[in-house]
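Notes for the one structure printed next.
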Amino acid sequence: MGLRERLTKEWFMFCIVLVIVLAKMDPSVGAKGGPLKPEVTITYIAVSAIFFNSGLSLKTEELTSALMHIKLHLFVQIFTLAFFPTTIWLFLQLLSVTPINEWLLKGLQTVGCMPPPVSSAVILTKAVGGNEAAAIFNSAFGSFLGIIVTPLLLLIFLGSSSSVPFTSIFSQLSMTVVVPLIIGQIVRRYIKDWLERKKPPFGAISSCVLLTIIYTTFCDTFSNTNIDLDGLSLLMILFIIFSVQLSFMFLTFFFSTRNNLGFTPADTVAIIFCSTHKSLTLDSLMAFLPFVGKLAQPTWPGPQHMLLLFQGSEALTAHVLERNSNA
């Protein structure tokens with residue numbers, strides 16, 4: 001395979017490396033408060049674009065069918081909001097006797113308490129050919145549910161109470177997820193024939209939006225040069241994250257492919273990404289809420305590092321699955 005063919009086939013992974021390098025070269029461009037204004041362009045515009053794109057590409061009957069797939073929704077929400085954080089807590093009891101940075105472990109538990117991702121699960125499910133409609137519903141429903149459940153989980157597992165801005169988060173989810181999806185469905189009704197004739201690259205568009213999210217996240221991390229994090233803790237937590245995510249992906253695959261559950265292969269893909277993945281957009285805000293006292297100290301390593309590493313792990317595993325599905 002020549003270089004051009006390799007670049008064409010592996011473009012997403014090459015672009016991930018490229019955006020990370022660009023973020024390292026000048027992180028001020030995509031950091032919060034920088035020229036790209038990610039607090040607006042990513043939090044609102046990029047996420048809205050993802051769900052508008054999904055609204056355009058999905059048939060209304062597919063969304064309706066996904067809404068009634070109760071068994072799938074229960075599987076995803078119970079796994080991600082009950083099994084995931086509980087298993088992480090048990091695992092961290094063992095890791096607490098190791099020299100790993102304490103706040104990294106707290107960050108890992110915080111990530112474990114997060115709801116399904118707002119946007120990345122939809123993009124990755126679509127890229128691998130999974131049930132995109134089911135991923136959309138669980139991303140939206142799980143995020144709304146997380147407004148209530150996540151603070152309770154943080155209180156249970158970390159003993160941290162927090163004041164959650166329910167109204168602002170609810171409004172943000174409505175404006176960036178529900179409204180764009182509905183608008184996309186409305187627009188689809190008027191340009192349906194054109195869409196079926198031209199077949200726009202909806203998957204590539206969503207992947208490009210995901211790249212912008214990854215870029216700004218790395219920019220925000222690289223812009224903080226005062227983070228006090230030892231190399232041993234970073235390497236160990238990186239290994240742990242990949243091990244945890246791969247283990248959870250295997251578990252969701254194993255259970256969702258049992259014949260008695262009746263899930264299709266496309267359903268299984270949606271289940272894997274929605275149950276085991278965490279977000280870097282809205283969830284980042286929720287991750288900081290229990291640690292308000294720590295936010296005044298920018299040198300502590302915590303949830304933002306876990307979310308960053310999870311994002312890289314998500315993209316890598318999705319790429320591997322996409323290659324295998326297209327083989």
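Note that Cβ sites are derived from N, Cα and C of the backbone, with glycine treated the same way.
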For this session: Name the residue range among 169-188, 289-308 that TrEMBL annotates as transmembrane segment.
Result: 169-188
Exercise. In the same chain, which residue numbers or ranges, 6 or more beyond the ends of the transmembrane segment (169-188), come under 8 angstroms Cβ to Cβ?
Worked result: 43-44, 47-58, 60, 63, 118, 136, 139-140, 143-144, 147, 195, 282, 285-286
For this session: Could you name the stretch, out of 41-58, 70-91, 233-255, with the greatest number of CB pairs under 8 A to the transmembrane segment (200-218)?
Result: 41-58
Exercise. Is it the case that the transmembrane segment (136-157) and the transmembrane segment (103-124) have 3 or more CB pairs under 8 Å, with pairs at least 6 apart in sequence?
Worked result: yes
Exercise. Cβ pairs under 8 Å with the transmembrane segment (41-58): which stretch of 70-91, 103-124, 233-255 has the most?
Worked result: 103-124
